[in-house]
Amino acid sequence: MECSSIKHPFIFLFFCLVFLSPLVCSQLYYNFYDTTCPSLTRIVRSNVLSAMANETRIAASLLRLHFHDCFVNGCDGSVLLDDTSTLKGEKNARPNQNSIRGFEVIDKIKSALEVACPSTVSCADILALAAREAVNFSRGPFWSVPLGRRDGTTASESEANNLPSPFES
Ligand SMILES: *[C@@H]1O[C@H](CO)[C@@H](O)[C@H](O)[C@H]1NC(C)=O
Ligand SMILES: *[C@@H]1O[C@H](CO)[C@@H](O)[C@H](O)[C@H]1NC(C)=O
């Protein structure tokens, strides 16, 4: 069965949960939150806009945050995880330490979304949308973001250390 042949996410999810492997189920959809969190785009846009009104540079920071998240084992929000006694996060990897920023903006969006639609939108999707809006508001290109990413529960400092340096050819 072709995932892309099924247009309705809920029907797909049903098939997916009942018959198929979890691997097949991690399909992304442009309309993933259309019914569960219709205010998603508006909330992301207004928060990114006010962060940029405060400081234009935050637009670049949000794009970089998304890239640094995705480069390490995919776009799973792992860059947001703090160190704990059992987990070494990515925030203190060499390419990130004292340079990665924008966490407050993501936290603010997440808090607003927890009021509007609790326990619905993943942090990985927030990172992806915030980067898109930051670029859009900076008069960069616009791209459609398929949604439904799941947040990772692990991080990899060693892989974050492999992020390309600004001195690559
Ligand atoms: C505004 O930007 C500054 C950095 O230039 C930052 O320290 C501050 O937290 C930001 N304030 C808000 C409300 O986003
Ligand atoms: C942002 O994207 C929208 C399409 O949704 C487009 O109409 C608008 O012109 C874009 N804004 C900028 C500043 O590029």
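Placement of Cβ uses the backbone N, Cα and C atoms for every residue, glycine included.
According to TrEMBL, C117 forms a disulfide bond with C37, chosen from C37, C70, C75, C123. Per TrEMBL, the residue from C25, C75 that shares a disulphide bond with C70 is C75. Note: the Cα of D76 (Ca(2+) binding site) and the Cα of C117 (disulfide bond) are spaced 20 Å from each other. Residue counts of the domain 'Plant heme peroxidase family profile' (27-169) by helix, strand and coil are 65 helix, 2 strand, 76 coil (DSSP-based).
Each of the recorded positions C37, C70, V72, C117 was assessed for Cβ neighbours inside 10 Å, and the highest tally belongs to V72.
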